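In case it helps, Swiss-Prot gives these features for our protein:
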- C59-C129: disulfide bond (DISULFID)
- C164-C213: disulfide bond (DISULFID)
- 39-145: domain 'Ig-like V-type' (DOMAIN)
- 134-229: domain 'Ig-like C2-type' (DOMAIN)
- N44: N-linked glycosylation site (CARBOHYD)
- N192: N-linked glycosylation site (CARBOHYD)
- N221: N-linked glycosylation site (CARBOHYD)
- 1-25: signal peptide (SIGNAL)
- 26-241: topological domain 'Extracellular' (TOPO_DOM)
- 263-270: topological domain 'Cytoplasmic' (TOPO_DOM)
- 242-262: transmembrane segment (TRANSMEM)
Amino acid sequence: MHALGRTPALTLLIFINIFVSGSRCTDKNQTIQNDSSSPLTQVNTTVSVQIGTKALLCCFSIPLTKAVLITWIIKLRDLPSCTILYKVDTKTIETSCLDRNITWASTPDHSPELQISAVTLQHEGTYTCETVTPEGNFGRVYDLQVLVPPEVTYFPGKNRTAVCEAMAGKPAAQISWTPDGDCVTTSESHSNGTVTVRSTCHWEQNNVSAVSCIVSHSTGNKSLFIELNQGSTTTTTSLLTILYVKMVLLGIILLHVGFAFFQKRNVIRT
């Protein structure tokens, strides 16, 4: 896209409005990174939004009195592209998008922001707002990425081991342990783009009775406390107890046999 008749005053206006517009369209559920290397007439932005929350995407904040046409071009990962447009002079709205979750945040004559009311994995893709003005065309491109918090489970294994699993997260979660152990971590990718991470750890030290599993993810971190199954230590103790009981019983039997033997010997002598 090309800008026509660009002036220093217009350049300053665009810089200021990018900042204000970006702050209006950002909430605690989405993270924005701007690509400052893009031309002034087009800003490329990466937006990360947690699944199930609302996403709000902005155009250039140009006064509608200067706009002729505002068009949102939506290209989702696995669906055909569609458009939502607003003709300023006739106040006409046209759309080819079938997803009712994707709408104008307000009325386009008031604000051209696009809203996704409940983000799903199917909403990942590119969202481009093109604003046509007499001074030129201005665009803002969003690469929308959906974050999925993993479901975290854990359980103690056998012989001083523990297992921690972060299921179906996007992106993949990171798992660490305190204290450090001898760990094996595996990951499994799913067809919907989520990843399951599983970490199994073993601790040799007998003085380690409990450990913590720390799951780190873009949507938040979790720390889990796990008591270790003592395993072989418990078995050894049980064996020693059984051996001790057997030795005591053997001693009692020998004592009875010895007593009976000496009693019989005394009877024979008399």
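Even glycines carry a Cβ here, placed using N, Cα and C.
Walk me through where these features lie, including what they touch and how far apart they are.
Within the same chain, residues at least six positions away from C129 (disulfide bond) with a Cβ under 8 Å of its Cβ are L57, C58, C59, F60, I70, T71, W72, P112, L114, G139, R140.
Close to C213 (disulfide bond) in the fold, though at least 6 residues off in sequence, lie Y154, A162, C164, I175, S176, W177, S199, S223, L224, I226, each with a CB less than 8 Å from its CB.
With DSSP classes pooled into helix, strand and coil, the tally for the domain 'Ig-like C2-type' (134-229) is 0 helix, 63 strand, 33 coil.
DSSP assigns N44 (N-linked glycosylation site) to a strand.
Within 10 Å of the C-beta of N192 (N-linked glycosylation site) there are 10 other C-beta atoms, taking all protein chains into account.
Listed in sequence order, I214, V215 are the same-chain residues six or more apart from N221 (N-linked glycosylation site) with CB atoms under 8 A from its CB.
On the 0 to 100 pLDDT scale, the model's mean across the topological domain 'Extracellular' (26-241) is 88.
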Just how many other Cβ atoms lie inside 10 Å of the Cβ on C59 (disulfide bond)?
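The Cβ of C59 (disulfide bond) has 24 Cβ neighbours within 10 Å.
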Cβ atoms within 10 Å, counted per site: which of N44, C164 has the most, among these recorded positions?
C164
Going by DSSP, is C129 (disulfide bond) sitting in a helix, a strand, or coil?
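DSSP call for C129 (disulfide bond): strand.
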